[in-house]
Amino acid sequence: MELLSRVLLWKLVLLQSSAVLSSGSPGTAAASSSVVSESAVSWAAGTQAVLRCQSPRMVWTQDRLHDRQRVVHWDLSGGPGSQGRRLVDMYSAGEQRVYQPRDRDRLLLSPSAFHDGNFSLLIRAVERGDEGVYTCNLHHHYCHLYESLAVRLEVTDDPLLSRAYWDGEKEVLVVALGAPALMTCVNREHLWTDRHLEEAQQVVHWDRQLPGVPHDRADRLLDLYASGERRAYGPPFLRDRVSVNTNAFARGDFSLRIDDLEPADEGIYSCHLHHHYCGLHERRVFHLRVTEPVFEPPARASPGNGSGHNSVPSPDPTMARGHSIINVIVPEDHTHFFQQLGYVLATLLLFILLLITVVLATRHRHSGGCKTSDRKAGKSKG
């Protein structure tokens, strides 16, 4: 009889659809990607162009813990402001854990919850201490998604008062003491019910379209899969010059590199990021323009090497930069030094002789003047 009642309860849950969690990510039907960025870039011909396309949500982290990336847990709080406690949790691999010994065999979760989307909690016999707000929490660690649903449980002594109603925010269950209670939590989104091969649903591709060509007729350049598979398309003159890092899915960096850029490479490049499992569809657009190559002036020949007929001689570092500076170079030849010294001594000697001549002439004139004055004085006395 007890087993039959449990089966009837679970069948009732499958028919209920009033309390269904809705996932925050779009479904797989939304395969069209949305443009998240559009920019115009220019690179000189002959250089390497890098079109940046990065997304941390596309980082591939393989599940090495046997599908422990999805988990459901139920919490209980007495009301606003009260500290909640964990009741039970279960991973998508089937591992279930009840935290309190008194709740073992009293709290039940369906083992097929991650297959049919039924995460409802069954309390076999309600007690007074079971009153409070129950929260159903779904966590998808791989896709970084979190969903929650609250249900309030009230316990009554009169079985005739048992009922269920909506208070405007959450479902409220009024259950008789000792009777079973079913906290409904249903989410049938594929994220919670299926375990797809994520690496097969993660793909990045680069497209190229010439000016005037619509987006839906763009040429495919590259296809990248999280499994490691890569496919190259496009014209031969461009196929061998484009590349993406081999560890792109490990770093979330899918930037496109174009070597030896040519004018024919101009166009519109699009980076498409698709994570079908998590519902991610993004597109980044780049308008690439190729400019004239930058020519560097030829290197000048070093002074004195005599190389090159058209080479311009380097300026003499000893030349004066301005008119107020005079550079004097004294050779190291001793003969030339003594010759210059002789010129200086001869000039000095001539200057001394000239000075002596001037002194003698001055004295002679002074003595002649004195004699003339004496003669005039003698005549005046006589």
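In case you wondered, yes, glycine gets a Cβ from its N, Cα and C as well.
Annotated features, as they stand in Swiss-Prot:
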type     : residues      : note
SIGNAL   : 1-19          : signal peptide
TOPO_DOM : 20-340        : topological domain 'Extracellular'
DOMAIN   : 26-156        : domain 'Ig-like V-type 1'
DISULFID : CYS53-CYS136  : disulfide bond
CARBOHYD : ASN118        : N-linked glycosylation site
DOMAIN   : 159-291       : domain 'Ig-like V-type 2'
DISULFID : CYS185-CYS271 : disulfide bond
MOD_RES  : SER227        : phosphoserine
REGION   : 297-317       : region 'Disordered'
CARBOHYD : ASN305        : N-linked glycosylation site
TRANSMEM : 341-361       : transmembrane segment
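Location within the structure of each feature annotated in Swiss-Prot.
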| residue | record | CB count, 10 Å |
| --- | --- | --- |
| CYS53 | disulfide bond | 25 |
| ASN118 | N-linked glycosylation site | 20 |
| CYS136 | disulfide bond | 23 |
| CYS185 | disulfide bond | 29 |
| SER227 | phosphoserine | 14 |
| CYS271 | disulfide bond | 27 |
Given the recorded positions CYS53, ASN118, CYS136, SER227, tell me which ones have a C-alpha lying within 10 Å of the C-alpha of CYS271 (disulfide bond). CYS53
Would you mind sorting out which of CYS53, ASN118, CYS136, SER227 (the recorded positions) have a C-alpha within 10 A of the one on CYS185 (disulfide bond)? ASN118, CYS136
Cα distance (Å, whole number) from CYS136 (disulfide bond) to ASN118 (N-linked glycosylation site): 11
Roughly how many Å separate the Cα of the residue listed as 'phosphoserine' from that of CYS53 (disulfide bond), to the nearest whole number? 19
Tally of helix, strand and coil residues over the domain 'Ig-like V-type 1' (26-156) according to DSSP? 13 helix, 61 strand, 57 coil
Helix, strand, coil residue numbers for the domain 'Ig-like V-type 2' (159-291) per DSSP? 25 helix, 59 strand, 49 coil
